[in-house]
């Protein structure tokens with residue numbers, strides 16, 4: 001079933017990356033330079049990157065008007081690693097402005113939409129590719145690139161992967177350097193990888209998961225070697241025999257029964273587990289992410305940023321403060337402004353103790369919940385003890401999304417459904433754990449669905465291992 | 001070692017987060033809650049005259065000292081002073097999207113030794129926070145500082161009666177010491193505001209004192225002492241004029257036995273002199289306000305100092321407090337310091353200037369002023385003190401005092417006249433020691449010693465490293481200088497006989513019983529010996545010869 005490298009190249013050339021102001025396309029920028037012949041583990045591979053990953057030739061704008069003409073003067077560390085491994089950056093992909101959104105609909109007015117390419121029939125009305133890394137997921141799904149980088153703050157890689165029927169990994173926090181990633185929420189942001197197959201995701205991960213002296217939150221080589229020793233100890237010797245997989249009770253949507261059956265048949269043990277703090281994860285997430293966003297986005301405006309379009313409007317008599325207000329009012333979209341306001345409020349002196357600190361506390365509780373479930377010790381835990389708890393699990397499994405991709409509408413109001421959706425992706429982000437969405441067949445409407453695998457910090461190896469088993473099962477499923 | 005745990009399981013820790021900053025620093029506000037315990041330790045019984053009698057001034061300082069690391073706190077850009085604007089700037093300093101801070105551990109080390117020298121308790125775990133505000137001097141719209149868990153707290157710096165003319169000995173409490181970023185420099189030129197990012201991101205120590213000072217002199221004494229401390233540790237230059245030490249002062253005035261008055265802050269003070277002037281001006285302004293309009297509360301505000309009139313003026317009212325929305329910075333790991341490392345730093349702390357003064361005064365019986373002169377030669381490495389101790393080599397007080405005289409008065413005096421700067425190699429300590437001892441045992445005369453010093457100094461003008469001859473022994477040096485050790489009594493007798501025959505009148509007077517005239521004869525011998533003879537010895541020889549006549 002697996003396409004060979006050369007076959008992918010042929011497919012890739014059949015769907016060429018393109019930009020368009022009118023027609024839908026995942027790309028905001030295309031690399032027109034011809035890829036030079038390269039050597040390295042990713043030689044000849046074409047990779048798309050999200051619009052918030054700094055790449056000098058590309059106007060890295062986070063799909064925001066405020067950064068419309070911004071060309072970064074340096075490359076993100078992860079891009080440097082890709083390029084040194086021989087990969088070719090094909091283009092930059094659209095996203096929800098600054099990563100805030102889950103449908104890739106929060107776009108500047110001059111961007112065309114992104115359509116989900118995984119449509120079962122050409123007659124279907126266009127659906128969302130998910131977000132915020134919708135452009136990256138769609139680019140992989142339409143096969144205009146071999147793999148794509150996205151970023152995941154609360155599910156922004158996993159959800160679009162599920163909607164578009166591709167694999168999407170959010171690694172452990174700190175595995176991939178964030179240097180050069182335009183920040184949304186520093187304590188949650190992770191560079192993620194999207195590709196058609198788990199193998200490809202793993203290949204890219206191996207290249208960009210490196211220590212980086214330019215990012216103090218990026219894991220050191222000593223932490224990595226501790227993690228890899230722990231991984232070796234817990235890696236199943238024979239397929240997935242003996243792997244203990246937990247299904248969280250608090251998540252009401254269940255995985256396809258045939259998948260569970262298949263995993264059991266392969267020797268995995270399936271147990272039901274509980275994460276009591278899960279229900280509190282969402283308020284914590286929204287407070288923390290918004291607070292960090294309000295801080296990180298403070299730099300945009302005033303003396304330092306603003307496009308030439310903006311400068312034309314400059315009124316000679318306006319004060320610095322007035323100019324800052326104007327730039328920020330005009331430059332940020334509605335969703336971004338909403339979250340900046342919410343975050344500013346959460347950090348205000350009157351609210352800080354009651355809002356921000358409580359959110360931090362809830363995050364702490366949730367992390368504790370996860371740690372009590374795993375039988376694999378946390379590699380970075382200062383009180384690392386070999387507690388091979390017989391009841392402990394290696395991995396959590398649940399659907400990535402509550403539904404297949406929604407139909408694209410001009411306006412998307414956030415209903416309670418979307419909060420239920422966030423519940424499936426946000427907890428792993430808060431806990432800093434690796435989580436990967438793998439296609440798990442189709443929904444009743446014929447559109448793709450995916451399941452999420454979550455494991456202990458630094459256990460990407462286990463996630464890939466189980467991911468490939470799920471992938472194998474998925475391929476055996478009747479299509480359509 | 002300084003351990004920087006990665007963001008793993010347990011970062012942002014909430015305990016230890018204290019109530020809003022205001023509570024901590026509210027030491028001299030007008031609120032009723034802040035008085036009480038401090039009143040008891042009140043000293044100075046209403047000094048001053050006229051209107052100022054019966055009033056007490058309360059002073060607290062907030063000091064920003066640039067860390068002398070050569071690079072910025074979170075980027076590798078240089079911090080060299082006086083460069084072309086916006087050239088010492090790295091992408092992080094200008095807050096380019098996607099850039100991340102990388103903490104300079106050398107800055108942490110310098111801050112730690114400063115905290116230890118100030119007898120602070122170092123927090124086992126300190127963290128960085130963001131302080132938010134929109135202004136053109138802060139490109140990221142937030143400053144990275146340590147708000148919730150500062151590096152160190154609860155220290156003190158002793159002030160001794162007599163320092164900067166203060167009238168009592170007391171401790172100035174150090175409320176806390178934290179590491180933070182400096183802002184950019186901005187200046188208004190015509191209609192434009194120009195921003196220079198060279199300073200943006202430079203590492204600072206913010207040192208906040210308790211309101212323990214009661215006069216302008218006491219505040220001045222504290223700053224002077226702190227400057228010496230920073231230089232001795234090498235953690236800062238403490239140069240107020242270059243702006244690498246900046247002092248904001250909080251002043252309030254109240255009548256003895258009554259609650260603290262309203263506190264006003266005076267910012268941007270450029271020298272100790274101006275600091276003292278600002279406090280004086282503010283004290284007078286407050287007293288005059290309380291006397292003339294007692295029913296109107298004094299406005300709490302931030303003020304500046306007019307350096308020409310030495311009067312303070314209002315900058316902005318503090319009634320509308322800025323909400324800085326402090327938040328932990330997730331890009332930076334917590335600093336946790338191993339207790340063993342703290343012990344090591346503590347052991348390695350150099351002797352503080354005031355301790356050197358005490359020790360030398362007690363050990364050698366030398367004057368405070370002279371020791372301070374030696375310290376002034378090199379405030380960073382104390383080469384002057386080391387030189388002196390190398391000359392003395394632990395000998396008894398007698399040579400110790402003499403040596404101090406020779407170094408401070410003869411050597412430095414002559415250096416001062418010649419316009420060159422002192423260095424310990426100018427006259428090596430070993431040679432200087434021989435010289436002092438030689439004079440002491442009358443091997444050479446004081447005059448010869450002085451001539452030798454003069455000669456050695458003149459040889460190093462212009463100061464050239466290669467051609468400066470280095471002598472290992474006093475004899476070599478004397479020979480090179482054309483001077484001789486007057487080791488022959490015969491020579492003295494010859495000269496004395498000559499003098500006696502040259503001055504028969506004096507001899508006759510002496511014989512008549514006027515013993516004072518021997519001075520004339522001694523003078524004659526000195527003239528004949530071109531100053532090389534030892535007057536005491538000459539006298540002995542003359543007396544002997546005259547008695548023989």
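Quick reminder: no glycine exception, Cβ is built from N, Cα and C everywhere.
Automatic, uncurated: that is what TrEMBL annotation is.
Which of A:114-136, A:137-159, A:160-182 counts as region 'Disordered' depends on TrEMBL, and there it is A:114-136.
A distance of 5 Å separates the Cα atom of residue A:132 (active site, charge relay system) from that of residue A:156 (active site, acyl-ester intermediate). A separation of roughly 11 Å, to the nearest angstrom, links the Cα atoms of residue A:156 (active site, acyl-ester intermediate) and residue A:50 (active site, charge relay system). Taking DSSP states H, G and I as helix and E and B as strand, the region 'Disordered' (A:114-136) has 3 helix, 1 strand, 19 coil.
Here the domain 'Amidase' (A:34-461) has a mean pLDDT of 92 out of 100. DSSP assigns residue A:156 (active site, acyl-ester intermediate) to coil in the three-state reduction, outside any helix or strand.
For residue A:50 (active site, charge relay system), the same-chain residues lying six or more positions away in sequence with a CB closer than 8 A to its CB are A:92, A:93, A:95, A:133, A:135, A:136, A:148, A:149, A:150, A:151. Taking the Cβ of residue A:156 (active site, acyl-ester intermediate) as centre and 10 Å as the limit, one finds 35 other Cβ atoms among all the protein chains shown.
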